[in-house]
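Chemist: Starting off with a structure, shown below.
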Amino acid sequence: MNLHEYQGKQLFAEYGLPVSKGVAAETPAEAASAAGILGGDTWVVKAQVHAGGRGKAGGVKLVKSKAEIEEFAKQWLGKNLVTYQTDENGQPVSRILVETCTDIDQELYLGAVVDRSTRRIVFMASTEGGVEIEKVAEETPEKILKAIIDPLAGAQPYQARDLAFKLGLEGKQIKQFTQIFLGLAKMFKEKDLALLEINPLVITKEGDLHCLDAKINIDGNALYRQPALKEMHDPSQEDEREAHAAKWELNYVALDGNIGCMVNGAGLAMGTMDIVKLHGGQPANFLDVGGGATKERVVEAFKIILSDESVSAVLINIFGGIVRCDLIAEGVIGAVEEVGVKIPVVCRLEGNNAELGAKVLADSGLNIIAATSLTDAAEQVVKAAKGDA
């Protein structure tokens, strides 16, 4: 689960990290009045969306009057911001963050992530702040410094000092960096984070370190023990179909193709998309119905797939382990009848009671194409999507 920048900075402040004073406004009037609350004569206004690249898209602006703040808020509130990280529809803007201005001398990068290969939290730092870290990693990987956190010992001050020296920090900046590093490490563990980034972490004209941005991603599997963070969830930033799928414990990700896929198991779902692509098709989605695929969940899965108007055929690929294929077949039949599916449906069943499941489908009288193998299923659904079935 992602947080907005203003929410991330609230967390930073709780852990004693240096952040700008700011107000998250929901109306143009609130945004304009924020200038009086914050004081000063120059402010930064930022559209709040779960995407990077806001500055290049016009979603971040330096302003010098309340009128400019109000104009910016009117421009973006209720509209969608399109950046290189969003689709063509963009993300809806429901809040504007108004912040005090910071004089910048140098931009750095500081972030942390769970590294699956080492099974450790890894901190990354770089002198190349203010640009996409992925670009730095690709073009100049030697400029990314790392500190691996031992899960038993935790983050250590010497690791922070080592990074600070390599970043070229000196004097009081080393102490400030150490405090920021240890605060972030504590927050990462206590709040069950999966990723955090400060890009940029700046050195001000006065020589102090300051967190100018905040990107935070929380481990969705740990939200049950983070009720306060769960309340920060903004469903408007998610694809409507993905949000609906989550309510039914379905793992759904929208893609750009025209072949809907319904599969049990994430690995099989990825393999299914690969083989559809191999045979010339374009998957419209990733959809994992999970191990406990009931008729109700299959019905909802169909509804979600068919809500994508670009879908011209559906491939159901089920491997029966704990779940019996005959029960899945009954669920598919019930779903097709209830939803009123008008497009071709190809179904491949393997495993527990697969033969019985195939018989149930054959006896249903519905136009469901039974596949004998995964290759056959992919070939059939690609043909059907092209109208050759």
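The backbone N, Cα and C atoms fix where each Cβ goes, glycine too.
The ATP binding site annotation in Swiss-Prot covers LYS46, GLY53, ARG54, GLY55, GLU99, THR102, GLU107 and rests on sequence analysis. The Mg(2+) binding site annotation in Swiss-Prot covers ASN199, ASP213 and rests on sequence analysis. Positions annotated as substrate binding site by Swiss-Prot: ASN264, GLY321, ILE322, VAL323. Residues annotated as domain 'ATP-grasp' in Swiss-Prot, with sequence analysis given as evidence: 9-244.
Could you place these features in context, so I can see how deep they sit and what lies close by?
Modeler: Residues within less than 8 Å, Cβ to Cβ, of GLU107 (ATP binding site) and separated from it by at least 6 positions along the same chain comprise GLY129, GLY130, PRO200, LEU201, VAL202, ILE203, LEU212. DSSP assigns GLU107 (ATP binding site) to a strand.
Secondary structure at ASN199 (Mg(2+) binding site), as computed by DSSP, is strand. Counting every protein chain shown, the Cβ of ASN199 (Mg(2+) binding site) has 22 other Cβ atoms within 10 Å.
In three-state terms derived from DSSP, GLY321 (substrate binding site) belongs to neither a helical nor a strand segment and is classed as coil.
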Chemist: Restricting to the same chain and to sequence separations of six or more, state which residues have a Cβ under 8 Å from that of GLU99 (ATP binding site).
Modeler: SER20, LYS21, GLY22, LEU38, TRP43, VAL44, VAL45, LYS46
Chemist: Just how spread out is the substrate site if you go by the largest Cα to Cα distance in Å among ASN264, GLY321, ILE322, VAL323?
Modeler: 11
Chemist: With every protein chain in view, how many other Cβ atoms are within 10 Å of the Cβ of ARG54 (ATP binding site)?
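Modeler: ARG54 (ATP binding site): 21 neighbouring Cβ atoms within 10 Å.
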Chemist: Specify the count of other C-beta atoms within 10 Å of the C-beta of LYS46 (ATP binding site).
Modeler: 24
Chemist: Quick one, of the binding-site residues ILE322, VAL323, which Cβ has the fewest other Cβ within 10 Å?
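Modeler: ILE322, out of the binding-site residues ILE322, VAL323, has the fewest neighbouring Cβ atoms within 10 Å.
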